[in-house]
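Worksheet: the structure to be examined is printed underneath.
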Amino acid sequence: MSGALLRSNKSGCGPFHLAGNSFWFRLFSSSGISEVQNEQEAALIQSTASKVCETIRRRPRWEGFLLSLFNPSSSGILHPTCISLVICRLSDSNPLLALRYYLWLTSSFSDFTIDPPAAASLLSALARSRAWRAAFHAIRSTKILADISIFNSFVVQLCSDIRSIHRDKNLLDNLCHVLEGHFHPTSCLHTSLSLVSWNSTLSASLKAERIDLFQRFYAMMIESGTAPDAPTAGYLIRAFCRECRPMEAYHVLRDLSRNGIIPDVVSLTELVASFAKVGNFGKVSEILHLMIAGGCSPDLFTYQGVIHGLCNVASGETMVDEGFRIFCEIKVRGYAPDVVTYTTMIDGLCKSGRMDDACLLWSEMIAKGMQPNSYTYNAIINGYCKSGDLEKAQKLYDEMLSKGLEESTVSCNTMIAGMCMKGMLAEAIKLFDTMPKKGIEHDLITFNTLIQGLCKVSRTSDAIELYLRMAALGIRPSVSTYTPLIQVLCEEGQVTDAMELLKLMEAEGLEPLVCTNDCIIKGFCRIGKAEEGMAWLSKMLHSNLKPRSETVNKLVECLSSLGLVDDALQVVNIMFGIGYSLGSSVCHLIISKLCGNASYQTGHVLNEIILMET
């Protein structure tokens, strides 16, 4: 073994102090001896590597005395081949020990660089053991990426480990930071990452629901000069859909289709579902035709998205009919709807009140050997509750529990709504109270449903108490929380309290429904404050809000009863301008006030004249 001997300041055991640690590294990495020269030297290096591995495995604090055990001048411990052997062998058995050895080398010898095979072995071992944090520590702390080509497999492995990415939210951020550092356009390394690696970063970002990272990875990819392919375009379409930007995704698809490129069915299915969700079925039809023409046949999930959109966006029975038609048609074409597809269709039919068709699908699904899940049960239970058949709803609810399907917030909300609809407040409150005991959380819908039920039977104090309880739990009220409370307070003449709730509602950034203003006006009329009601009407009109006909009639009636005939006539003019007509009793009242004659004939004749004028 060649090389000058450097004496230590101590003999025997103990730490081996070097005058300059980089000396031995420079010596053994020089061109003259960086390669193994003969069999004897090779055997020595093999033996030293084995002994170093054994020492590192057995002795906990080996860093302080490793060089005292293996003389650098004679053992070959710092020969590049020996170092690579140690790293590779430790990587196979204990990647973290290999990393520890590697970090010791980099901290002890400033000129040290790892050879690509050893770096690949270390990174691969850390990846296999999913020691991602340790791997990133090595990448950030050292020159392990001097050859970026070894990074491709690491990126693909990391992005494939979705479980770890979900568990450690910072993994993809770390990868992005590393790439932004190494793939800067001014760096000669920025073109090294492969298209497969870039696509894997995009795929992982989508699976982790990190569109922010997706945008950064995609920007780096384009800056690196890497040309996107069909999978890249598919990921881009999905990213636009996740951001509720389906039109931009559609433009990507159109550009691709002009060049004869059609992305995968998964991406196009997501685009179809996005358009179906917002009710743009023209675009849905166009994309389906593009898919078929491009040889990318829609699958069951594609049609499932269409059916879901038709059943949920639809405000009328016609759209549910179309969903049902497609459902029946895909069965004829040979598709086999699964439980999710059946559940989607059953839910749509139940919401449109078509319980007979929903029950037929329920029976058909069971006859095909498919077991309804909790969502299927909730859909049909909700249908029975809305149709007022609480007996059948309760029977199915009990059946669901007997099959081992657990109660949930959704299922309890459904039953509470059905009970409230039937006026079974005691049963609804009992179910509400038992939910926490069963470990089932109340949500906003739970509170809103019960508050509405209590307000419906004028149990105002109980409803207010429930509202305060909800707020104390940190559940933010919604418009549906405030509306029934304001309505019932106005009906009981507690307009001041109703207006306080309205102020709270607006302070939270919630916009009241138009009918809430109607309630306030009628509330003022109930307590004889017609002028305040008239002022509120004026406020509504200035905000371009249209009151209900019954509200304005009530206001005219109240003003007339209080002898404020001029004001009543002013409101009548407003009514006629809106296109409303006076009710016969209100018309009779105001005519009586005008004529000073409450006789039937006079009132009847003048009433007819006014109605004809309108």
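Backbone N, Cα and C define each Cβ position, glycine as well.
Note that the structure is a prediction, hence the values are computed from the model and not measured.
TrEMBL annotations:
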type	residues	note
REPEAT	229-263	repeat 'PPR'
REPEAT	264-298	repeat 'PPR'
REPEAT	299-337	repeat 'PPR'
REPEAT	338-372	repeat 'PPR'
REPEAT	373-407	repeat 'PPR'
REPEAT	408-442	repeat 'PPR'
REPEAT	443-477	repeat 'PPR'
REPEAT	478-512	repeat 'PPR'
REPEAT	513-547	repeat 'PPR'
Intrachain neighbours beyond the repeat 'PPR' (264-298), with Cβ under 8 angstroms and 6 or more residues off its ends: 230-231, 233-235, 237-238, 241, 244, 246, 249-250, 253, 257, 305-306, 308-310, 312-314
Integer average pLDDT (0 to 100) for the repeat 'PPR' (443-477): 95
Helix-strand-coil residue split for the repeat 'PPR' (513-547), DSSP-based: 26 helix, 0 strand, 9 coil
Remote residues contacting the repeat 'PPR' (299-337) - C-beta distance under 8 A, at least 6 residues beyond either end: 265-266, 268-270, 272-273, 275-279, 281, 284, 288, 291, 344-345, 347-349, 351-352, 354, 357
Residues in the repeat 'PPR' (408-442) grouped by DSSP into helix, strand and remaining coil: 26 helix, 0 strand, 9 coil
Folded-back contacts onto the repeat 'PPR' (513-547), same chain, C-beta under 8 angstroms, at least six residues removed: 479, 482-483, 486-487, 489-491, 493-495, 498-499, 502, 554-555, 557-559, 562, 564, 567, 570-571, 574, 578
